[in-house]
Each structure stands twice: as C-alpha cells, then as structure tokens.
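Here is the structure we will look at, set down as structure tokens.
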Amino acid sequence: MSQINLLLLCGGGGDEHAISLMSADFLETSLAKEPEINLLRVELDGQGHYRTQDGRSCELTNRKEIRFAAEEQAPWPVDYVIPCIHGFPGETGDIQSYFDLIKLPFFGCDSESSSNCFNKVTAKMWFSALGVPNTPYIFLNELNQESIAQTKQALENWGSIFIKAASQGSSVGCYRVDSQDELVSSLEQAFSFSPYVIVEKTINARELEVAAYELNGEIVATKPGEIICASNTFYSFDEKYAANSKAETKVEADVSEEVAQQIQAYAIKVFKGMKLSHLSRIDFFLTEDNEILLNEINTFPGLTPISMFPKMLQNHGDDFTHYLYSNIKSQLVSA
C-alpha cells in the first residue's frame, strides 16, 4: 500500500480535551512505527477552530483536505482520520456525521452507535433490549419538584444513588448521593452538564472492564481487568487522571473462568448488537453474589499511559500498533 495521509484529530474543546491530547500522544507514538503512515496532527478547540501542532490555522474541508489559512501553502489531502476526541464532539457521534457527509473513512464507531452509547438513557434502553443485565435506574428530563420527588423516592428505596448527567464521559457530572442533604445540589450540578439525567441505584460491587475490539475480521473481548478504588469512593474523573489518585488497576481481574466468560460473552453481544466498530471499553459491575451488571460502554476509550484499553489488548497478546494499522488498512482496501 502506498503512503497514507492520516489526520489525527484531537481535543474537541470539551471537558475531556486535555485527556484527548494525552491519548493522541499515545496514538502518534504508535503510528510512528509504521513507515506507510504520513501523519498530520490537528487540534480542534471549543470554537471549532483547527490548529496544527506548530500553530498553523487550518480547516478540514468537504474536499477531504486540510486547507491552511496561509494561502501560499498547498492543501494537504486526507485519506483517513482518527477522531481522538473523548466526549463531545467525538464520542457523541457528531463529528462522524461530517466525515460520512464528505465520505472520509475514519477509525472507530459510527455516528449512531457512538451517540447511542454516549447517552446513558439510550444506552440503558439498548442494554435491556439486548437482554444484558444493567443497574436499576430512573430517567429525568427536567429539574423540577416532580423530578426532585422522584429522586428522593429512589434514594429512600435504594439507600444510596448515583446522579449522572446523561451525556457526559469520564464520570463528568456524576455524583454519589447517600443523604437527602446532597440530593438537590447534585441534581443541579448534573443538569448543568446535560439536559437529561439518570438516577441509578448504587451497586456495591467490583468494577471490571473489558477491551472489545475488531481484529482480522473478528470481534475480540479480553479477559476482564479491574479498577480498585479506595473505600467509599468511585472511579471519578479525578480518580482516573489525578497524579495522586489512590485507584489501582489490574489488567486481569481475579475472577472465576465462568464469570470471565460470561462477561466476555456480554461484551461481544453488545458490541455486535449496538454495531460498534474497531474499539470499545465495556465496563461491568460484579456483585458479591456474582451478579454481572453492565455499567457503560466507551466508544473511544482513553489511550493514556495509565489507560486500561491498550494494557488489556496487549495482555491479550495483540500488539497495539499492529491492531491499529490492520484496521486502517482493511478499511481503506474495502473503501
């Protein structure tokens, strides 16, 4: 195959902008090992402005090229794009719609599957429709006296709840509530991040994660890894990325073969059922009674030095650069 002009688009301007840049570093290092890849890294900010690493203003046009603000510089044709954008507008599916419109091949899930997974309400509807157990919840579409009363009743019934902004990732807009005193302020904060909110029953369980991805025409689900948080905490945004995080990770969780196989089967079922593409990290709860509950799907999981997806893929025996390049090549050949 001849040289591939690959656009590594990162940032996005949302709450996870900085994490997206860290993931882009990892991807850039991995792709540097492939001589056929001619990579241009471009950062997208919250105002929709594109800028190269050396500060040049540019834009991605409908002619599938990067056009630079300096008119004397020739446009850079784009063969393929990796939208390394956590949260909006990447994992929400927005930017993939534009790629489809201009017929530009891209890495990762398409617009519809990204949107369905990112919105916690639609995701849970899909989980239930596919017959995959998930956490009990209620759905709120407005902050008013009725929704406050519903949430108070949920807290009374379940003892402890999570209030979550429906359209955020990396635990942004996610609050554990154990008393009525915290309830209204947590709802207000969650609604400040999203017009829709879900209230979930707190599950006292182990947090397990699976890397589910495509390789050589097959869907692979790794053995589950585990996130171990300090007592009475959850895997918040700060716990994920703070330098002083007390959370620990295990690339392989200590679970029975039966539990591991069931989790892998659920992961493949939702990957196929929700028509995901190329990569995902699928998160589960495992209760003391060995009940498995699907928590969420990340359609563009973190690829930082501490992220679980590349670690689990490597532990499964797959080289990340080979996996990435194989998907790029197969997609371009079939395009």
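Our numbering is plain: 1 for the first residue shown, then up by one each step along the chain.
Glycine residues also receive a Cβ, built from the backbone N, Cα and C atoms like all the rest.
Features reported for this protein in Swiss-Prot:
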DOMAIN    124-329  domain 'ATP-grasp'
BINDING   154-209  ATP binding site
BINDING   Asp283, Glu296  Mg(2+) 1 binding site
BINDING   Glu296, Asn298  Mg(2+) 2 binding site
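Among the binding-site residues Ile161, Tyr175, Gln189, Tyr196, Ile203, Asn298, the ones whose Cα is located within 10 Å of the Cα of Asp283 (Mg(2+) 1 binding site) are Asn298. In this model, the domain 'ATP-grasp' (124-329) carries an average pLDDT of 93. Each residue contributes its Cα atom, and for Glu296 (Mg(2+) 1 binding site) and Ile203 (ATP binding site) these two points are 14 Å apart. Long-range C-beta contacts of Ile203 (ATP binding site), restricted to its own chain and to partners at least six residues apart, with a cutoff below 8 Å, comprise Thr135, Phe285, Thr287, Leu293.
Fewest other C-beta atoms within 10 Å: among the binding-site residues Gln168, Gln189, Asn298, that description fits Gln189.
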